[in-house]
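Here is the structure we will look at, set down as structure tokens.
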């Protein structure tokens, strides 16, 4: 016997969270809970404003239609990426095919004062990996901050993300302020320039490795080994079903590229599932999941070690 519930939720964000020039005041999304007999599976559907093609209202319509079809015996996945991902996670939990083991080691995200990151990294056991958003301020400032961090922590490797913010000139201004002796400790820089060709040229000219992120979701993208390209950053909420995520990871690994499972600012429920997916598909790579502290609460499932208050399922708005 099948049954299902759909919940709508909204989490207040910390002040100062900006996505593509818009301030994100709340994180809005949906949960689906599928039950069959004694088994249960959850999934999160939370399109990311400015990045997802669909809104959460559109996702809600597609999700409710899919749930009704599933209750009637149809299991075909929807095409909308955020819904396909959430539904496939719920189905995987239901079938017990999403392993429980999780990688909760997140590369800490530097959102402001580099001194805060230095203190956080001092306590980090094992491999020291952190992420810094660049492209939000002047490229020269970004270069100086990155250089400071690499100089202060000799065993640090940085992941940088520019979200295609730079012109070729700004990319050169950034690189000018990063000591060439430190550049090999930039694990990769995600999408430095507005076009892939400019990003490739940046990698050639600076010796700083790059990673593809937004490019993975463009229709003309193909997985190929290229000089200067070291990694792909896979955001499942923006990608689609678990199977599509797995296919992308396998395609990257076949080319000896690093595949990084990364957050689209999901709630704690979605983040714990991403930690499980990372342990399953990319066991040797620290995932990019350090986004929970951008929110003011956890929901339904806790992230280990977080002190944020937890909103239980009874407090959510039920749609079905």
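Placement of Cβ uses the backbone N, Cα and C atoms for every residue, glycine included.
Just so it is clear, the model here is predicted, and its values are computed rather than measured.
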Inset, instruction - According to Swiss-Prot, 161, 190 bind Mg(2+); so which of 142, 181, 213, 220 is the extra one listed there? - result: 213
Inset, instruction - Would you count the other CB atoms within 10 A of the CB of residue 161 (Mg(2+) binding site), including those on all shown protein chains? - result: 22
Legend entry - Winner by Cβ contact number (other Cβ atoms within 10 Å) across the binding-site residues 190, 213: 190
Inset, instruction - Specify all same-chain residues, apart from the site residues 161, 190, 213, whose Cβ lies within 8 angstroms of the center of the Cβ atoms of the Mg(2+) site, ordered by sequence. - result: 159, 160, 162, 163, 189, 191, 211, 214, 233
Inset, instruction - Express the distance between the Cα positions of residue 190 (Mg(2+) binding site) and residue 235 (active site, proton acceptor) as a whole number of Å. - result: 13
